[in-house]
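Peer 1: Got a structure for you, written out below as structure tokens; questions coming shortly.
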């Protein structure tokens with residue numbers, strides 16, 4: 001095997017007194033330490049399919065989650081009573097974990113690949129805590145996105161705001177989730193040299209993401225009046241800002257900062273990651289219509305909500321005048337019969353094939369750019385990111 005990351009199969013020996021964070025127990029000890037095997041000169045370059053964490057990661061990652069959640073619901077900055085504490089705990093459990101946790105895992109994955117040697121207990125804890133910050137951030141984004149879209153399900157269960165006892169309270173809950181990120185950062189990273197850069201990174205990413213959400217929302221107002229306003233360039237702008245920065249760039253940038261790097265030195269890496277992040281969002285557009293809700297845990301509403309998705313933008317690019325007329329008459333209307341007519345046009349234009357062509361070209365171009373980077377460790381990080389997303393619809 002060219003490269004691997006593994007955790008000892010021996011169970012960790014818990015010793016709270018030796019933990020760099022006295023309030024929690026360590027989940028990685030010196031006897032159960034993350035190790036990284038450097039390829040020798042005779043070995044091939046990193047194989048992204050083998051740079052994965054051990055099967056123990058999920059349970060260890062969740063242990064850190066429980067620690068962070070406990071800290072938040074006992075935050076001395078607010079005087080919790082039983083009702084408020086139970087509400088916040090339930091809300092966190094409902095909205096933060098439960099997905100694939102790709103962003104959170106990517107922080108840990110990437111930091112290990114960059115360091116290239118065993119992690120200390122503190123490093124392992126901090127990498128997971130930072131990973132959870134990206135998951136908390138996503139929960140905030142998704143909670144508000146679901147409300148704005150009028151979505152019904154998320155990750156195979158009703159959206160948080162759809163619960164009878166929640167409703168509009170979810171607006172405040174979303175803001176609370178966003179504030180939790182800063183509470184975690186302050187508690188565990190304030191003394192680090194890169195703390196201010198982490199805060200800036202999350203603040204800038206939030207601005208880009210909610211600005212992208214704004215474009216997505218107001219473009220629908222124009223599209224409802226005149227569908228021809230939609231284009232591939234508009235879709236690209238939406239997916240770049242609404243999802244690419246926080247989905248792909250944020251986790252890797254967190255790992256780079258924790259490793260002591262200056263993000264200004266990684267402009268090329270940022271460009272690659274933003275392109276991959278856009279691919280991730282376009283993949284979501286594809287799955288919204290062509291994915292199985294039972295598999296992906298979400299009922300698609302892009303057609304009904306008149307979104308400027310990759311599919312409608314591509315359809316308008318390929319359609320003849322008659323097909324464009326049908327799309328204009330039926331797109332953006334909450335009527336199953338009209339949604340079906342839009343999907344008929346999608347199938348007639350072979351948008352599945354168009355998406356697969358885009359996906360193949362994206363993979364080839366991204367891999368070429370990744371291999372051009374001078375650092376093998378950075379190549380491994382980028383390849384791992386690409387492989388996690390590639391053909392996620394299969």
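Glycine too: its Cβ is placed from the backbone N, Cα and C atoms.
Okay, these came from Swiss-Prot:
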TRANSIT   1-65  transit peptide
BINDING   100, 103, 138, 155  isopentenyl diphosphate binding site
MOTIF     145-149  motif 'DDXXD motif'
BINDING   145, 149  Mg(2+) 2 binding site
BINDING   145, 149  Mg(2+) 1 binding site
BINDING   154, 242, 281, 298, 307  dimethylallyl diphosphate binding site
Peer 1: Using only the Cα atoms of 100, 103, 138, 155, which the record gives as binding isopentenyl diphosphate, return the largest interatomic distance in Å, rounded to a whole number.
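Peer 2: Roughly 16 Å, rounded to the nearest whole number.
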Peer 1: Could you find out if DSSP has residue 154 (dimethylallyl diphosphate binding site) as helix, strand or coil?
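Peer 2: Its secondary structure by DSSP: strand.
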Peer 1: Go through 145, 149, our binding-site residues, and report the one whose Cβ sees the most other Cβ atoms within 10 Å.
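Peer 2: Answer returned by the neighbour count: 145.
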Peer 1: Using a 10 Å radius around each Cβ and all protein chains in view, which of these binding-site residues has the most neighbours: 100, 103, 155?
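Peer 2: Comparing the binding-site residues 100, 103, 155, the most crowded Cβ belongs to 103.
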Peer 1: Specify the secondary structure state of residue 307 (dimethylallyl diphosphate binding site) as given by DSSP, simplified to three classes.
Peer 2: coil
Peer 1: Sequence gap of 6 or more, Cβ distance under 8 Å: name the residues on the same chain that satisfy this around residue 242 (dimethylallyl diphosphate binding site), in order along the sequence.
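Peer 2: Counting only residues 6 or more apart in sequence, the Cβ neighbours of residue 242 (dimethylallyl diphosphate binding site) under 8 Å are 209, 212, 213, 215, 216, 281.
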Peer 1: Within a 10 Å radius of its Cβ, which of these binding-site residues (154, 307) has the fewest neighbouring Cβ atoms?
Peer 2: 154
Peer 1: How many Å lie between the Cα of residue 307 (dimethylallyl diphosphate binding site) and the Cα of residue 145 (Mg(2+) 2 binding site)?
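Peer 2: About 13 Å separates the two Cα atoms.
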Peer 1: On the DSSP side of things, how many residues of the motif 'DDXXD motif' (145-149) fall into helix, strand and coil, could you say?
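Peer 2: The counts are 5 helix, 0 strand, 0 coil.
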Peer 1: What's the CA to CA span in angstrom from residue 155 (isopentenyl diphosphate binding site) over to residue 149 (Mg(2+) 2 binding site)?
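Peer 2: Taking the Cα atoms only, residue 155 (isopentenyl diphosphate binding site) lies 15 Å from residue 149 (Mg(2+) 2 binding site).
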Peer 1: For the recorded isopentenyl diphosphate site formed by 100, 103, 138, 155, name the remaining residues of the chain with Cβ within 8 Å of the site's Cβ center, in chain order.
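Peer 2: Going along the sequence, the neighbours come out as 98, 99, 101, 102, 104, 135, 142.
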Peer 1: With H, G and I counted as helix, E and B as strand and the rest as coil, say where DSSP puts residue 103 (isopentenyl diphosphate binding site).
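Peer 2: Note: residue 103 (isopentenyl diphosphate binding site) is helical by DSSP.
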Peer 1: Measuring Cα to Cα, how far is residue 103 (isopentenyl diphosphate binding site) from residue 145 (Mg(2+) 2 binding site) in Å?
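Peer 2: That comes out at 18 Å between the alpha carbons.
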